[in-house]
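> This is the structure I have questions about; it appears just below.
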Amino acid sequence: MDFSSSTFLSISSPASLLCRAIVVKPVNYSLLSRTKPRNPLTASCAVNFRNIGSVSWVYEKRISNLSHILMRSSAFLPILASKRETELNSGITDARIVAAAAATVILAVANRVLYKLALVPMRQYPFFLAQVTTFGYVAVYFSILYVRCNFGIVTKEMLAVPKSRFMAIGLLEALGVACGMSAGAMLPGPAIPILSQAFLVWQLVLSVLILRRRYSLNQILGCLLVTAGVILAVASGSSDGQWLSGIEFLWPALMVVSSAFQAGASILKEFVFIDGAKRLQGKTLDIFVVNSFGSGFQALFVFLLLPFLSNLRGIPFTQLPQYLKYGAACFLNIGGHIADCEGAPFLPLLFILTNMAFNISLLNLVKMSSALLSSLAATLGVPLSIYILSLPLPYIPEGTNLNAFFVIGTAILVSGLTLYNLPKPGNQPHRND
């Protein structure tokens, strides 16, 4: 019999209706089991197991959260350590910059003071001192250049830069050193740092003419203040009884001219760096390449210009070998027939070493911080050196009396230097392309 047809018949017959009325539904044993009384021991065990399960779930959750926190903390700890290390390194760097700036100021003052003291025993032989100084720089710079070449810092492409510009740099620096030492031997101590600040004026003018550079308003005003300060300070000492009285106008003018030569050399160095970056496809020309070859040509030109420069001091060409012989004897302070060489060779050698240390310190400060801080450090050395040079010093026992106008002129000059070195908005100065 088919299962579908029997179902149809049972629904339609009275018997099937009676059967449906007395049909018992299936028993749900799960409901019956809950109504039965439970064993107390079994119930308590079930409750305890349930509690243990819930507690273990809570502990697992808490351990999971704790491990997550620890993982996040372990990921964050290197960041905290790195931040603390950065702050520590930043503090150490700031301390080093402050120490380097202080050392630069001290060396700047010592360099200016020893410049005058070295010319006391070498008063009659400034060109010989200039020759010894330049040869000392040649030895030091080329030694450093040799080491940097061996370490691969200086490449063959850097050494292949045209040397004609280095010749021009060497010529200008030779004229600047020779004229500066010749004038410095005849000028009183405080006049040297004052007149040498004309370097800033020459540098601004020459950079506009050669590099086509534009300067901000504060730099132009600073340059004008420097000029005014120099003029006021020099004018205050030109009257009778003052610190420049009895000194020919030639020597202050020669000191200003020597600043022009040195400023021209610095502008040409900057041009060499700019051109070197183009030739080296964006790489910076190593500074010791410029300094080494520039100093080499400077020593050469100082030697070649000795006949002309010595003639300015009234030394004929025929007496030049004797001049060099006496200059060497005075520098070494040997020979009883050489007079007025007391303090040599200690003072000249001390000046040469201090001058080298000052230049290295200035370069190191530029590398650590900026050219702005190095300029301000050198600027701070100006009034300090003027004050020290006005005092009675060994081998200059008389000292110098500074009047009020000189002090005012010096204050104006320092204000101009500070204004010139203020931060420049918009990356000034910039070039006209």
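Each residue's number is its place along the chain shown, starting with 1.
Glycine is no exception: its Cβ is also placed from the backbone N, Cα and C atoms.
Quantities reported herein were computed from a predicted structural model and do not represent experimental measurements.
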> Would you please say which range out of 98-117, 218-237 has the annotation transmembrane segment in TrEMBL?
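Comparing 98-117, 218-237 with TrEMBL, transmembrane segment matches 218-237.
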> For the transmembrane segment (373-396), I need the partner stretch with the highest count of C-beta pairs below 8 angstroms, choosing only from 127-146, 191-211, 218-237, 288-309, 402-422.
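Comparing 127-146, 191-211, 218-237, 288-309, 402-422: 402-422 has the most Cβ pairs near the transmembrane segment (373-396).
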> Using a Cβ-Cβ cut-off of under 8 Å, list the residues of the same chain that are 6+ residues beyond the ends of the transmembrane segment (249-268) and lie near it.
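Tertiary neighbours of the transmembrane segment (249-268) are 165, 168-169, 172-173, 175-180, 182-184, 186-187, 191-192, 195-200, 202-203, 206-207, 210-211, 234, 294.
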> Would you kindly list the residues that approach the transmembrane segment (346-366) from elsewhere in its chain, counting only those six or more residues past its ends and only Cβ-Cβ distances under 8 Å?
97, 100-101, 103-104, 107-108, 110-111, 114-115, 117-118, 120-122, 129, 132-133, 136-137, 140, 287, 331, 373-374, 377-378, 395
> Counting a contact as 3 or more Cβ pairs under 8 Å, with residues at least 6 apart in sequence, do the transmembrane segment (127-146) and the transmembrane segment (288-309) touch?
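As far as Cβ distances go (cut-off 8 Å, pairs 6 or more apart), the transmembrane segment (127-146) and the transmembrane segment (288-309) touch.
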> May I ask whether the transmembrane segment (288-309) has at least three C-beta pairs under 8 Å with the transmembrane segment (166-185), counting pairs 6 or more apart in sequence?
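Yes, the stretches contact each other.
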> Among 191-211, 288-309, 402-422, which stretch has the highest count of C-beta pairs below 8 Å with the transmembrane segment (218-237)?
402-422
> Which residues of the chain, 6 or more past the ends of the transmembrane segment (288-309), have a CB below 8 A from one of its CBs?
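The answer is 127, 130-131, 134-135, 137-138, 141-142, 144-145, 148, 154, 158-159, 161, 163, 166-167, 169-171, 173-175, 177-179, 182, 265, 269, 272-273, 317, 320, 324.
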